[in-house]
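Chemist: Per Swiss-Prot, the feature site 'Important for substrate specificity' maps to R22, T81, Q164; the stated evidence is sequence analysis. Taken from Swiss-Prot, the feature active site, proton acceptor applies to D80.
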Amino acid sequence: MAGEASPVAQNPELVLASASPRRLELLSRLGVSPARVLATDLDESPLKGERPRDHAVRLAAEKARAAAALAPGCLVLAGDTVVGTGARILPKAEDEATARQCLALLSGRRHRVFSAVAVITPDGTLREALSETILRFKRLSDEEIEAYIAGGEWHGKAGGYAIQGSAEGFCAWLSGSHSGVVGLPLYETRRLLRAAGLDVR
């Protein structure tokens, strides 16, 4: 009948637009295993004046669109996690110097982690959600920073740390989504996937 909304397809094929093992593990907690993984290769540089929350939302949507173009008719899930202090976006640490700078900046201070989720349904509809988590790190000694650097957990991580590793011991206080800080906020992800017709635990 004209004007009626199209029915939601039940259990469409899920494509995860990320090769992140931590996102795969988090999805498994929802009883979900993607049919395919499509890692996207995008320029993740912030736009001029872009704030951390907007950066996360934009990148998640761009990753989802890029994967959807390669997997038409599928349900596509993408995410992006950004660490910010005020209006400043902290980089993903690719070398020890960057990780060291990030940890020194976060030492003894509050910061925010924005974890955006984007879903593109088989009919091309984009749905988005954002998790915002506030954390405060203890004051880190030079020795603690160097020991963490030596462990290598920081590599490729936003803000130079992985909360699911030994850096959890740095976190004196957290308000929000622990899974969002890891890389995929489960509450928001579950809500989006269920709305898209996926059978989620």
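Cβ atoms are placed via backbone N, Cα and C, with glycine included.
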Chemist: Rank the recorded sites T81, Q164 by the number of other Cβ atoms within 10 Å of each Cβ and report the first-ranked residue.
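Modeler: It comes out as T81.
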Chemist: Looking at the recorded positions R22, D80, which sits with the largest number of other Cβ atoms within 10 Å of its Cβ?
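Modeler: Answer by Cβ density within 10 Å: D80.
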Chemist: Which of the three DSSP-derived classes (helix, strand, coil) applies to R22 (site 'Important for substrate specificity')?
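Modeler: Once the DSSP labels are grouped into three classes, R22 (site 'Important for substrate specificity') ends up as helix.
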Chemist: Could you check which of the recorded positions (D80, T81, Q164) sits closest to R22 (site 'Important for substrate specificity'), going Cα to Cα?
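Modeler: Nearest listed residue in space: Q164.
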Chemist: Roughly how many Å lie between the Cα atoms of Q164 (site 'Important for substrate specificity') and T81 (site 'Important for substrate specificity'), rounded to a whole value?
Modeler: 14
